[in-house]
């Protein structure tokens, strides 16, 4: 069936995609003809050779509507097959889809099924891959039918043994052959039903290694039994030849040809095949034929997967040729290069410059770029307005850039948002929509407040522009992606558009007050008078003054006097006066300014937060624009600059240094006299110098004037920090050597005084290590994000309420005594599952099934509640994705989540994006063996991959009382349970014991310090505890680095890691022991068996690392495009898997709309009923999919 015959709609309207083994008949059916010659194109005429790899008769004409010999040219002969050359007159595009085939003279095995791990062919035949290899590559005979002889079926015979057997029993007494033919016969006579029964019987009695192998064999046998595949199809009789335009040959300038590697590989196969045919016709001696067959087998192996077995076939310059498998694999393969990410039309890129005059939702687009991007729209408009008569002349107008084109362009872009994207796009805020404004020059102008989200600066960064074309796309861009609507960060719900640098500095400068400046103590009758006085220079901007304020209340005009500064008045002008910073219910505060404090970065964040909660995005973005304008203006007027003279070295520095020198001398003396050890001396010296550095820094900070520009920059949070000021004007302090150990000679100088050579040299260690770390970290973090996206990409909010009755109990997360995450943070935006009651009075604070906003959550914590049961993603019952109630609040909008939101991707981005901020280093604890605890990024990876951690803690499997015992050789901890049974644990030296003698511990508690293996927690405490452990451990790493991530993102990923059940006993079900099954499928199967009164299957929740979990997904397309492409496809093909296309990746690959947001089935199939007779409310008939 060819494309032309298919109605167009069908191509994009399929429910699922199935993969399977191709039978020889199927391959011949696909093919348009046999490729018989290895020739490609004629070197003189440059036309394809007949019957060759580029033959026009098989694959279609090279030029549109023109046959090979030239008898038929032009469209009018469409569909005619030329009687001279046999080429069909049609479009040359068919050369991208028509296939050919090669009839092999001898069958060969398909390397994927013979060489993959585990070898599928080996399993189904119950032969080891090594013996199989001997047969396939003509090293041994295999007995096909022993008949009456004492030989065994499938027994291997070497050349010598074979000849001896022939002499002994005679030529006809038994059947033994070699090569793929023999294997094909063995495969063809397998009775799958019978074999399946036998294996199931064997499974009941076998144990250990044997059981594992039986299960593996059964898995392969069942795959073949349940699919329509036949085992003998793993041996190839016919090879498909892919269309020539997918393995092109192009002429280079020098007249030479460049060709795809596949052509070389096909040529080798055809050459060897033809030679083999000839040899068989001639009746050549067996040994020659056998050699040729082996070479054909190797040629086919190289074509399918070069380098999988033996040395790869190389091209010029010893480069291995790219085989069909390599075309799919890796970052440059078909999946990741062309299917998941494509280059698109209507896009451009350019350097970005700052546009402080823009509104929050605007961006500046260079004129010539805009004209090129909106060309078709401009052309259409020109024709409509009558400036051009037809589309051709309007195209000419645009290309010649006539003056009237610009007015039309203005009109076209006025309501047409564009998308701006900066690579690397680490989270969804890396692509936002803006209303374009035409600008001169060639640079894109960007609003300064969106820089944080893009992580952009103006030192030469580039950005890409994309144009949403359809009306729907424009609407989505405007409502969902407009920069003014994306004020909150999806990862933690805090504002991402907080003003930075100059804007903070200006606001800080405005809200400062100063004693004894011009105009202090003056009283003004209204704010306008203050502004007049300030503008005429009568008062200073920081002067403390009094002003009479008036406002209207209940229709009456009331007034009152407040004390403030002109700066604060100006700043408050841009802020709504009811954000809740001032308690307005108190009459004294009636006229008080809303922002009556010093504005720093932190406070600005609070202002934006409150404004967003109260007024929403639009109002907030206007406020931000006002703050931006004021900030820039007054930081310029304030003329806050930085110079060497601003760095004042504290007078007490020299005294502090000499004091420390004396103290260190004392410590040295004690060491020399043997009072303290080398380690102790080192520790004390380091401690002394650390203290001194701290003292110098404090002296410096006390010394600085409040109006010192450097102090202002650091204090306001505009730029720099206390530690940087310390280095500029205090002393640099202690540095580490390349191994991470601290050098005990501190750097005494500050940058202001200048470093000497030794000091400078010591400084370089840290700097270099920092650079190396950053480079490594970026790659690691990127790879972590990729795995996270892959594991959680199909988690979409698919229903309103899954009806789950189980909750997840949360309390604050602590590390030692330090609270890492408060209860309020964990409750905000969640649903309660039961009544939350006050522990003292027993009154209900929050009824069951109530959505808790920040205020409610805070109220719960204030009432002294310690633990709360909430709806959580962990306990969600939705089979695919999650439900809105278990998920709770959408962090990016601070409202309840909508159905169709792709929360999986957002979760992965929220965890991955801050990855680069986490450290790489392992903390060394004073050289104690086995106590290196991993932190930062490697720790996060360790947790998500569910690996056995470094610095493993020993945990107890039973609850009981502790008894410590120390011998010369080792330390032992005994745990005596309630029955008096003693379980002992050996503790290696160097581990620190956490428990004390006689203390009571529960199962799963740590005996020594370190990280616990999550698999142990799962085994001892169960799935609930392990989820909790993973969540709080990842949170600890991020929080210690000052990165806030909301729990729900981690919950989404951890849930994906614990979705599978490992089957123990299969009972009366079809499930095989040892296999992984989805939790919901497992329950479904058991429910069916239960109704029939059979024996249910048993199994335990398995904890998979994110890589494993991503590969264990139902969708083979998603798994194959992630990692281990060949393995995934081999497996899927044998099982005849069908991909239900539920996730995002699968749909991107096949080019459908993703099933999230407006792409969900329920929105795609909306029909408008025009029948007015029906009820008016039910105008839109939403088809629930």
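Quick reminder: no glycine exception, Cβ is built from N, Cα and C everywhere.
Annotated in Swiss-Prot:
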BINDING   67, 69, 82, 85  Zn(2+) 1 binding site
BINDING   457, 459, 461  Mg(2+) binding site
BINDING   802, 876, 883, 886  Zn(2+) 2 binding site
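All features noted in Swiss-Prot, drawn onto the structure.
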residue : record                : CB count, 10 Å
67      : Zn(2+) 1 binding site : 24
69      : Zn(2+) 1 binding site : 14
82      : Zn(2+) 1 binding site : 20
85      : Zn(2+) 1 binding site : 16
459     : Mg(2+) binding site   : 5
461     : Mg(2+) binding site   : 17
802     : Zn(2+) 2 binding site : 18
876     : Zn(2+) 2 binding site : 26
883     : Zn(2+) 2 binding site : 21
886     : Zn(2+) 2 binding site : 29
Problem set entry | Rounded to the nearest Å - Cα separation of residue 883 (Zn(2+) 2 binding site) and residue 457 (Mg(2+) binding site) | 39
Seminar exercise, completed: One should report the C-alpha separation between residue 69 (Zn(2+) 1 binding site) and residue 461 (Mg(2+) binding site), rounded to whole angstrom, as 55
Seminar exercise, completed: One finds that other Cβ atoms within 10 Å of the Cβ of residue 457 (Mg(2+) binding site) number exactly 10
Exercise. Given the Mg(2+) site residues 457, 459, 461, which other residues of that chain have a Cβ within 8 Å of the mean position of their Cβ atoms, reported in sequence order?
Worked result: 352, 456, 458, 460
For this session: Can you see whether DSSP assigns residue 883 (Zn(2+) 2 binding site) to helix, strand or coil?
Result: strand
For this session: Just give me the nearest neighbour of residue 457 (Mg(2+) binding site) among the binding-site residues 67, 82, 802, Cα to Cα.
Result: 802
For this session: Please report how many Å separate the Cα atom of residue 67 (Zn(2+) 1 binding site) from that of residue 459 (Mg(2+) binding site), as a whole number.
Result: 57
Exercise. CA-CA, which of the binding-site residues 459, 461, 802, 876, 886 lies nearest residue 85 (Zn(2+) 1 binding site)?
Worked result: 461
Problem set entry | Env. residues of Zn(2+) 1 site, Cβ within 8 Å of mean position of 67, 69, 82, 85 Cβ | 56, 68, 70, 71, 72, 83, 84, 86, 87
Problem set entry | Listed in sequence order, residues not in 802, 876, 883, 886 with Cβ within 8 Å of the centre of the Zn(2+) 2 site Cβ atoms | 799, 801, 804, 871, 873, 875, 877, 878, 882, 884, 885, 887
Problem set entry | residue 459 (Mg(2+) binding site) and residue 876 (Zn(2+) 2 binding site), Cα-Cα, nearest whole angstrom | 47
Problem set entry | Candidates 82, 459, 461 (binding-site residues) with Cα within 10 Å of residue 886 (Zn(2+) 2 binding site) | none
Exercise. Could you give the Cα-Cα distance between residue 82 (Zn(2+) 1 binding site) and residue 461 (Mg(2+) binding site), in whole Å?
Worked result: 58
